[in-house]
Structures are given as C-alpha cells and as structure tokens.
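To start, the structure under review is shown below, and the notes come after it.
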C-alpha cells in the first residue's frame with residue numbers, strides 16, 4: 001500500500017512538472033512570436049553580419065534581457081512595476097526617441113555595397129542596441145512581467161522553477177533561430193535587393209512603434 005502511494009505521488013508530481021514545462025513553452029512562444037522591433041533587429045543582424053557567430057552579441061544581449069525580465073516576473077516584481085505609472089511614461093519616452101534613431105540607421109543600411117562595413121554594427125553596438133530594443137518597450141515589458149508573473153503564481157517549488165526555465169529556454173532558442181534564419185536569407189538573396197526591402201520594412205516597423213509610443217505619451 002505504501003509503495004503504491006509513493007508511485008502514485010511520483011506520477012502525480014511528474015505530471016505537474018511536465019504541465020509546468022509545457023505551459024511555459026506555449027506561453028513564451030505566444031509572447032515572443034509576434035513581429036516586433038526586437039525580432040526584426042535580431043533577424044537583421046543575422047543577415048547583415050558576414051558570419052553567423054558575429055551576430056551572437058545581439059542574440060546573447062536580447063536573450064539575457066529576456067531572461068532577466070522572466071526571472072523578475074516569476075520573482076513577483078510585476079506587482080511593484082504595475083503600481084508605478086511613472087515607470088511606463090519614462091520607458092515610453094526613451095523608447096520613442098531610441099526607435100526614431102534606430103529607424104533612421106536601419107533605413108540607411110545598404111546591403112552588399114562598399115559602405116556595408118560602415119553600417120555593420122560592432123559587437124558592442126549590437127549588444128547595446130539589442131538591450132535597448134528589449135528594455136525600452138514598456139508594453140512588452142509589462143506584458144512579459146504581467147503575463148508570465150501571473151501565470152507563475154499557480155506553481156510552487158520545483159514546478160515554478162521548471163516553468164521559468166521553459167520560458168527562458170524558448171527565448172534563447174528563438175533568438176538563435178532568428179539569427180540563423182537571417183543568415184540563410186542573406187545567402188539566398190545574393191543581389192541584396194530583398195535585404196534592402198527588409199531593411200526598409202524594418203525601419204517602418206520601428207517608426208510605427210515610435211509613433212505608437214508618441215501617441216500614447218500625448219494621450220496620457
């Protein structure tokens with residue numbers, strides 16, 4: 001009887017652990033999949049760098065930022081952040097100015113030209129820009145902290161750690177995959193014409209996001 005109960009409890013715990021992992025994976029993909037400035041930037045760096053490993057500063061920076069936000073969310077910081085309206089205003093203003101500049105830089109990138117080296121981001125610049133597009137987006141931050149933080153409340157102990165680890169793993173895998181996809185895209189686009197269109201569209205996405213932040217600031 002005792003052995004039977006032990007087996008039953010072990011199976012039950014395994015079920016809840018697997019449920020936490022699957023929940024984390026599905027939730028993280030749902031938050032990270034939509035087209036945004038962060039995704040566009042990582043894809044772009046994968047395409048613009050001569051070798052895929054040269055895009056690692058952007059990938060690592062974005063992944064570390066997401067990891068930090070996820071850890072803070074599970075740690076319960078969402079409650080504090082949501083009680084500080086000034087936080088959203090400051091982040092929105094910073095995001096507005098940064099995205100205007102970032103859009104201008106992206107618009108002027110010319111793939112496969114003599115000036116390509118001039119516009120290729122250095123490792124430090126990649127890391128800084130990736131961190132900026134990750135952290136200067138108040139809505140993305142509040143969504144990540146709020147949704148993941150709230151969802152993590154139903155778990156405790158090992159299940160909470162597994163849920164958090166699953167969310168973090170999805171983030172790293174996704175950004176690595178985006179950079180690889182960008183590199184593959186560049187190998188197909190030998191003329192650079194498609195990449196030029198991608199750059200223009202990327203700049204448009206950044207300016208649209210900046211415009212949204214500007215309207216939100218004005219309305220508030």
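Using the three backbone atoms N, Cα and C, a Cβ is placed for every residue, glycine included.
Marked as transmembrane segment by Swiss-Prot on the basis of sequence analysis: 15-35 (among others).
Summarising the annotation, Swiss-Prot assigns transmembrane segment to 67-87 (among others) and lists sequence analysis as the type of evidence.
Sequence-remote contacts of a segment are chain residues at least 6 beyond its ends whose Cβ falls under 8 Å from one of its Cβ atoms, and for the transmembrane segment (89-109) they are 37, 41, 44, 48, 116, 119, 129, 132-133, 135-138, 141, 199-200, 202-204, 206-207, 209-210, 213-214, 216-217, 220. Per Swiss-Prot, transmembrane segment is recorded for 89-109 (among others).
Packing against the transmembrane segment (128-148) from elsewhere in the chain are residues 27-28, 31, 36-38, 41-42, 45, 57-59, 61-62, 65-66, 69-70, 72-74, 77-78, 81-82, 87-88, 91-92, 94-95, 98-99, 102, 121, 167, 209: each is 6 or more residues past its ends and has a CB under 8 Å from a CB in it. According to Swiss-Prot, the feature transmembrane segment maps to 128-148 (among others), an assignment based on sequence analysis.
Under the heading transmembrane segment, Swiss-Prot lists 161-181 (among others).
The transmembrane segment annotation in Swiss-Prot covers 195-215 (among others) and is backed by sequence analysis.
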